[in-house]
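Report on the following structure.
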Amino acid sequence: MLLPRESPHRAPLSAPRRRRSPKMNSTTPLKMVPAKDPMAIERSNLLSMLKLSIKVLIQSSLSLGRTLDSEFPPLQQFFVVLEHCLKHGLKSKKSFIGLNKSIWGPLELVEKLCPESVNIATSARDLPGIKTSLGRARAWLHLALMQKKVADYMKAVLDRKDLLSEFYDSGALMLEEEGAVMGGLLVGLNVIDANLCIKGEDLDSQVGVIDFSLYLKDPANAETPKDDTKMTAILDQKHYIEELNRHLSGTVSDLQAKMDSLEKTNSKLVEELTAATDRINSLREEQEHLRKENESILQSSQKKEEAALQDSQVELETYKQTRQGLDEMYNVVWKQYKEEKHIRQELERELELQVGLKQEMEVAMKLLEKDTHEKQDTLAALRLQLDQVKTLNVQMFHKAQQAQAVQLEQKMNEMEKAMMELEQRYVFAHHRQGLETELRAEREQRQNLQKALQREQDNSTELRTQLQQLQGLHTELQNLKQEKKQLQQTCEQQEQALQEMGLHLSQSVEALFSVCCSHQGHAWLKDDEATQCKQCQKEFSISRRKHHCRNCGDIYCNSCSSNELALPSYPRPVRVCDVCHSLLLQRSSSTGS
């Protein structure tokens, strides 16, 4: 882009260019031209400048016949004129800095209307050197021109006036007919091939000023076609050399990167090889350690199983004995409980009888008290009558001693009878005191019975607590049985896990030894393929285990493969069969001799 400078050919966009008026005769009448809208004048000027810049750009590119770069002056002026066209009538948005006009907002609409333009928008946003929205818009225009899609994208935006009205004022170039003309003019740019480098350019700080010196040519100072051809040849050679240098620098950097990657991979492979050897050695040690642990675990598990079986048998016998004793105790307690219940019922019946007798005695005592009160009253009355009779006897003694003597004797007899009755009643009262003493004895006996009943109740509660304790012991015994079952299950699971671990270890060892045997030329026999020892022909079992010969790869029992020798493919002495042991010893003796 051209920086602003004092140029005599620069003119404001709002002022229209003066055209030469045709010669007017004195006879032609003058017509009044109505004043035009300044926005319309600016639109027409911008449209004419766009036509001129596109025409110059197409002619220069066709005359040169090469791919244009970002330093080509007509291309730079085209971008400046197009930017002025897009800025015409643009609404200003408020920000923290102040009012801001940016064409990035209308260009972002293309991403929504044309899905194929998403890559251009994302690359324009993600460019590292661009920080402003104006720089992003300029980068977007450069990328769209390289894709030859400027006309298509502008046509898609110009068709949506409703969306553009949010960014432009009324009378803007994008909202009027000039916008459609601009879209048609941009179609001619599809014949241009442009190769623009955006990363190195400072698109944020460029000032878009139109330079009219490109469009005002002086015929006297015009260059000759020969100079043009020379200039084009020089520029082509320059571009070719730059492209060749860029290509060579790219190949050098690629080769350097490949060398670095090869060195890294070589070092990684060396490290992996050392790690693999260390891993193999550690696996062998771990295998031996696991084998020993497996044997110790098997022995301990067998011992634990035998101890658990003995403990379970002892527990079962103790449980049977305790169950039998508890049943006997329960029967004895139940019999005692029935007897105590029967005695309690009898005591309750006797208590009810005693309560009835007590109630009858209380009623009799009340009647006796009532009779004593009545007798005392009668005795007092009789004493009064006796005193009256004595007084009468004294008074009448002199009057009728003889006549009344018989009557007095009769009365004295009646009085004696009455006195006898009173004495009998007194005896009955004394008998009442005896009954009271008996009643007290009955009360004491009743209290004693209640104490005995309380004792029996305490005994019954103790028996109930003993029964509850027996039930708790029974539940504890059931829980112990369940724990025993769970322990047996865990023991079985651990044995299965140990067997699986042994299988995995044997498989891994078989794989390692099969690789070693394949290197030596021998076939490594699998565990499933052998059911008996190759030498003694005895079948394998839990006690007679399988062992591979590390030299020939066949399977033997422990007695037939108890020898160990150092082989070339193993760093330590390993297990070999008797046949291979004798052969290897013969070879070593022959080579030594």
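Backbone N, Cα and C atoms are what each Cβ position is placed from, and that goes for glycine too.
According to TrEMBL, the protein carries these features:
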- 1-31: region 'Disordered' (REGION)
- 69-201: domain 'RUN' (DOMAIN)
- 245-364: coiled coil (COILED)
- 398-504: coiled coil (COILED)
- 527-585: domain 'FYVE-type' (DOMAIN)
Taken over the domain 'RUN' (69-201), the model's mean pLDDT: 83
Secondary structure content of the domain 'RUN' (69-201), with strand meaning DSSP E or B: 83 helix, 7 strand, 43 coil
The domain 'FYVE-type' (527-585), counted residue by residue under DSSP: helix, strand, coil: 14 helix, 14 strand, 31 coil
